[in-house]
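Feature annotations, courtesy of TrEMBL:
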type: TRANSMEM; residues: 26-50; note: transmembrane segment
type: TRANSMEM; residues: 70-86; note: transmembrane segment
type: TRANSMEM; residues: 136-154; note: transmembrane segment
type: TRANSMEM; residues: 199-220; note: transmembrane segment
type: TRANSMEM; residues: 241-264; note: transmembrane segment
type: TRANSMEM; residues: 276-294; note: transmembrane segment
type: TRANSMEM; residues: 306-324; note: transmembrane segment
type: TRANSMEM; residues: 330-348; note: transmembrane segment
Amino acid sequence: SQYSAVDTNPLSVYIMQPIWNKIIKIVPLWIAPNLLTFSGFVMILFNYFLISFYDWDYTASGNSPGLVPTWVWLFSAFTTFCAYTLDSIDGKHARRTQSSTPLGELFDHGLDSWATSIFVLSFFSVCSRDSGKTGVSVYTMYIYLSIVLFNFMCSHWEKYNTGVLFLPWGYDISQVVLIAAYLLTSAVGVEVWQKPLLLGYYITDILVILLIGFSLFLSFPQTLYNIHRAHLKKTLKNDSLYEGLLPLVSPLLLFVLLTVWVVLSPSNILAKQPRLFLWMVGVTFSNVICKVIICQMSGTRPELFHWFLFPLALVVYAAISGLLGWTEEAVLAVFTAVVTAAHVHYGVCVGRQLSEHLNIYIFSLKKRVQE
């Protein structure tokens, strides 16, 4: 299917696009667009592990403000800007080099589906978790991450039904806010997040309120409106309501299972291992969404239940029934490692199959030699 995306965000159209159009001229024509996409993702990943090294349990900014060196926040701003730039120019570069392929589209959106959670998890280190006085509770972090992922899911669910990806306004705004937050932190220190800003509200409270406001009153209604409009124009990809809602079943069940674990965990697993748990949420979500993206691109039906849901349901049941006892954290660690490995394996396999099918290399513009 022909790729079509619509971007109506004024920040993107009037400010960022002219910048990208200048930057793209520097990129050598022999570089494969997927290499740009992947480089941006690797930078975000590297930055995330760097922050995790200094602040594994999200307490550094609250308890010992100098623990994360200033250069780390500067580096975070730099990598976020680079990743945002590379993600914004990869499509332009593909058109420039006449190498736009379904593989590139999948590569871009597939990595985005994972990067989305990594951006959020890196940002939590800035505001730190609840220390009794300031910071964000781990439950707020979980809800915050879920809302961001819900937004991401909505835009792809909408594309599944309409065939058009309406780029969410929140994306550009969130990237610019992230970069600004890192720069602010490097300039004045993490203390800025620990002091009330407006009417007793902290910056983090304001960001959470903005995020929820954006999602519930802008993104989600816009998605429903776009689907409704396609329905009126008779351009919907799926006639039946069941077919249209099918891609939402697995992500919603995933959210229900994870929330049950968070709320009913005997050892309070989210408070014990916030970084592990939230990483696992991001990875499982990304895999579920990648399946939807592939179905939407290939015009196939998504399965009703994603296979991750079965082992997850088992683990959740064993945890909340007390079967796991003191091994709950260890089981979470193993499960997280397994789903991460499965997700990477899945990505590599799909990439290989598509590159063979389309007769192209993933990271090079040379054509494959036909066997």
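Using the three backbone atoms N, Cα and C, a Cβ is placed for every residue, glycine included.
These figures come from a predicted structure and were not determined experimentally.
Nonlocal intrachain contacts for the transmembrane segment (276-294), taken as residues 6+ away from its ends with a CB within less than 8 angstroms of a stretch CB, comprise 106, 109-110, 113-114, 116-118, 120-121, 124, 141-142, 145-146, 149, 152-153, 156-157, 160, 247, 250-251, 254, 258, 262, 269-270, 300, 302-303, 306, 308, 312, 329, 332-333, 335-336, 339-340, 342-343, 346-347, 350. Using the rule of three or more Cβ pairs under 8 Å, pairs at least 6 apart in sequence, the transmembrane segment (136-154) is in contact with the transmembrane segment (241-264). Comparing 26-50, 199-220, 306-324 for CB pairs under 8 angstroms to the transmembrane segment (241-264), the maximum falls on 306-324. Long-range Cβ contacts of the transmembrane segment (26-50) within its own chain (Cβ-Cβ under 8 Å, at least 6 residues beyond either end) map to 72, 75-76, 79-80, 82-87, 89-91, 93-94, 96-97, 99-100, 103-104, 107-108, 111, 114-115, 118-119, 121-122, 361-365. Under 8 Å from some Cβ of the transmembrane segment (306-324) lie the Cβ atoms of residues 250, 253-254, 257-258, 260-261, 264-266, 269, 284, 287-288, 291, 331-332, 335, 338-339, 342, all in the same chain and six or more residues away from its ends.
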